Amino acid sequence: GIFVLGLPYALLHSGYSGLLLIVLAAALCCYTGKILVACLYEENEDGQLIRVRDTYEDIANACCKKLSPNLGGIVVNVTQVVELIMTCILYLIVSGNLLSHSFPYVPVTEKTWSVIAFVTLLPCIFIRTLKIVSKLSQLCSLVHFVIIFVVITYCLIQMHQWSWAKFRLSLEFEDFLVSVGVIIFSYTSQIFLPTLEGNMKNPGEFRCMLNWTHFFACILKTTFALTAFLTWGEKTKEVITDNLPSFLETLVNLCLLTKALLSYPLPFFAATEIVYSCISKDNHSNYRSPLLAMAVRGSFLLLTLLMAMFTPHFALLMGLSGSVTGAAMTFLLPSLFHLKLKWKKLSFLEKYADISVFILGFFCSLAGIVCSIKGLLEVFG
């Protein structure tokens, strides 16, 4: 998605280790995606795998049913909503940044541009089905590949300026951990995988699909981050399109703005649907109330705007999101749930892999949270 734009900046602070992190994150995310979906299945009396759960929430409730029937689902839902809302906030921040750099001679602040972008998103209040969102997402994918192609092509033209000496050998530990969060956030997709696997025509091909998509994502992200960083080196900015020459920057930024605004409805719709499903369990009639629906959507829209206004720092917020919700949903919970539900059937190596992923995810998350918050506090003085 659009958060690939932060990867060159992550390389600036992580050096050679950043390249390894992009590959390692792809491998780990692919693995945790597989074990998460494996938790949807149980063996019947004949030894055949039967899908007995449908969502991430169902898996969490199955793991925590001895403590509380709904505790796991509540934790997962809260984490999912926070991650989705953070994604929406980042889209608004990026939109304000892109408009600011596209029209530098207009006497308008970046925050004001974010408000202008927010106004164009007000129709999201009226989105009721996923059909509209899916069409917008298709357009986003096309625009995304065009943007990546343009940036990489420009960087290749500047190949004569490349120097591997631009990579840092000595790293600032805190900056490195923020980069870890940025890289993790660019891969997070676990919250959509149970639904995706359940809607596949042939669910048996899920693991193969996951392998190939993560492989190509890794190749694309590594190529993009590497070529961009080699082109600009120490001058690499938080949003890489800010480094482009003016004749390309405005064009690409407007394309990115379109992509950001078209991408916003997907996480927004997913977050409100989670809230709706929780409300419907307690009060079905209110759940169907059009006024309540618009009130919830309006509240979510306003929340994302306020957060975007008070936290206008793309890379730091992205790093914080990746360290908190991204690490939890991508590494901690899948490995923990897999160990809980499949412990008796796992081999020693599988148990070792799950425990290793959990420990790695925990320490990366903890350290990333501390460093990202410290960075934000320093920015705010």
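Every residue gets a Cβ built from N, Cα and C, even glycine.
Taken from TrEMBL, the feature domain 'Amino acid transporter transmembrane' covers 1-373.
As annotated by TrEMBL, transmembrane segment applies to 20-41 (among others).
Marked as transmembrane segment by TrEMBL: 74-93 (among others).
Under the heading transmembrane segment, TrEMBL lists 113-130 (among others).
TrEMBL lists 142-164 (among others) with the feature transmembrane segment.
Annotation comment: TrEMBL describes 176-196 (among others) as transmembrane segment.
Same-chain neighbours of the transmembrane segment (208-231): 4, 7-8, 10-12, 18-19, 22-23, 26-27, 29-30, 33-34, 148, 151-152, 154-156, 158, 161-164, 166-167, 186-187, 193, 200, 240, 243, counting only residues six or more beyond its ends whose CB sits under 8 Å from a CB of the stretch. Among the features that TrEMBL reports, transmembrane segment is placed at 208-231 (among others).
Taken from TrEMBL, the feature transmembrane segment covers 251-279 (among others). With a threshold of 8 Å between CB atoms, the same-chain residues lying at least 6 positions outside the transmembrane segment (251-279) that come near it are 1-2, 5, 77, 80-81, 84-85, 87-88, 91-92, 94-95, 98-99, 101-102, 117, 120-121, 124, 127, 130, 132-133, 136-137, 139-140, 143-144, 146-147, 150-151, 191-192, 241, 244, 286-287, 292-293, 296-297, 300-301, 304.
Per TrEMBL, the feature transmembrane segment maps to 291-310 (among others). Sequence-distant contacts of the transmembrane segment (291-310), counting only residues of its own chain at least 6 positions beyond either end whose CB sits under 8 Å from a CB of the stretch, comprise 85, 88-89, 92-93, 96, 111, 114-115, 118, 121-122, 124-128, 268, 271-272, 275-276, 279.
Feature annotation from TrEMBL assigns transmembrane segment to 316-337 (among others).
Per TrEMBL, transmembrane segment is recorded for 357-377 (among others).
Counting only same-chain residues 6+ beyond the ends of the transmembrane segment (113-130), those with a CB under 8 A from a CB of the stretch are 92-93, 95-97, 99-100, 257, 260-261, 264-265, 268-269, 293-294, 297-298, 301, 304-305, 308-309, 312.
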